[in-house]
Amino acid sequence: MNPNQKIITIGVVNTTLSTIALLIGVGNLIFNTVIHEKIGDHQTVVYPTITAPVVPNCSDTIITYNNTVINNITTTIITEAERHFKPSLPLCPFRGFFPFHKDNAIRLGENKDVIVTREPYVSCDNDNCWSFALAQGALLGTKHSNGTIKDRTPYRSLIRFPIGTAPVLGNYKEICVAWSSSSCFDGKEWMHVCMTGNDNDASAQIIYAGKMTDSIKSWRRDILRTQESECQCIDGTCVVAVTDGPAANSADHRVYWIREGKVIKYENVPKTKIQHLEECSCYVDTDVYCVCRDNWKGSNRPWMRINNETILETGYVCSKFHSDTPRPADPSTVSCDSPSNVNGGPGVKGFGFKTGDDVWLGRTVSTNGRSGFEIIKVTEGWINSPNHAKSVTQTLVSNNDWSGYSGSFIVENNGCFQPCFYIELIRGRTNKNDDVSWTSNSIVTFCGLDNEPGSGNWPDGSNIGFMPK
């Protein structure tokens, strides 16, 4: 480096250091100004007082400083908005049903990342709606998924995941060990009823606010089971329908009232009308209504009306257009107080909504298999009337496509409960031509609005040939 370059380099370094020093000085000045202003806002300074000397012949002056600093500390407490128990509300008016969510779980499972499930349902809290399902402890197309056609194994558990999403590793929460379940939100906390154990000695564990709070033991020792859809809560008391006993003979049916996770009472469902009842789909329309499955004698569906104290009414949906599967061709018998005794068993989980004397019924399009899905409105179908007529038919899944269970759920919306339902779209070993070792499902959901709906077809849509075996 020649002398000129050295001089230039030294000059540049000197200028840089000077600039840094200047910036530090300016920053220090600003900092001190701000600090003094804050101290001025928050302290009271008593200026020095001069005290005369105590010792004679001494020229010293004693200066006493009395500094008092007052710090004003403001504490802000953020409290969560107080939650209230869900009230009793009527159903919102509706004229048809509109697509809400579709999870496409089987199509998305082509790469084996999707959890094998069945018996799905939907339930909502104050903020979100959630999908629930009974998982099989296996991923689609893996070796552990072979044989997942079985209903009850110790590997099944109730899981929850965001509605409209497929159940994959990373987006689900395991709730409890269960091969039968029901869930509901009381306005403050979630409650889950989870059945598991040996067929002849099962128990139901009640989970409330994430803690196990109570249990129900099998009393008939014959597959204790519950709704496979949401229970319902009014003013903090939740109502759950439970069955124990044969699937195709006389069984025991109970309604349990549970508050904050504790059983407060139960009643036996009277057998004067209902011969068999399981897998109820319940909703609130001031009282709790449950539309259920008769797996023994009825292709018409049994129902109950319940409040927070007792079972108020029971019967069978009167409509001559039946909604279980299998069922006779339309029209069939009108039977309001007993099962139809026509194509009575086995059956499939389903739902209905009462609107005055009319009734909306979901059902498979096929009369003898789980394919297709439609919802019909039967004028005066809730009562014994000669005027039963299908005034509305919405075909939502064509008869060329597989369906399965269906059930109701409700969403609080502007002072009433919006009626909604889901359709389980089963794929796998239960279906002819589905040449795979597993059984699983996707779902599609619909909600009612007081508008005229359009039309469409919303099947599972997966090409089974693309799927892992």
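Backbone N, Cα and C atoms are what each Cβ position is placed from, and that goes for glycine too.
Between Cys420 and the candidates Cys336, Cys447, Swiss-Prot annotates a single disulfide bond, the one to Cys447. Together with Asp294, Gly298, Swiss-Prot lists one candidate of Asp285, Asp287, Asp324 for binding Ca(2+), that being Asp324. Among Cys231, Cys238, the one Swiss-Prot lists as the disulfide partner of Cys233 is Cys238. Between Asn14, Asn57, the residue that has N-linked glycosylation site written against it in Swiss-Prot is Asn57. Candidates considered were Cys129, Cys194, Cys231; the recorded disulfide partner of Cys184 in Swiss-Prot is Cys231. Annotation in Swiss-Prot places Cys124 in a disulphide bond whose other cysteine, of Cys92, Cys129, is Cys129.
Between the alpha carbons (Cα) of Cys184 (disulfide bond) and Asp151 (active site, proton donor/acceptor) lies a span of roughly 22 Å. Listed in sequence order, Asn300, Val334, Ser335, Cys336, Gly381, Trp382, Ile383, Asn384, Ser385, His388 are the same-chain residues six or more apart from Cys318 (disulfide bond) with CB atoms under 8 A from its CB. Computed over the region 'Hypervariable stalk region' (36-88), the whole-number mean pLDDT of the model equals 55. Nearest by CA distance to Cys447 (disulfide bond), out of the recorded positions Cys129, Asp151, Arg152, Cys238, is Cys129.
Of all the binding-site residues in the list Arg118, Arg293, Arg370, the shortest Cα-Cα distance to Cys233 (disulfide bond) is found for Arg293.
DSSP gives Arg293 (substrate binding site) a strand state. Proximity of Cys231 (disulfide bond) to non-local residues of its own chain (separation of 6 or more, Cβ distance below 8 Å) is seen for Ser182, Ser183, Cys184, Met191, Val193, Cys238, Val239, Val240, Cys282, given in sequence order.
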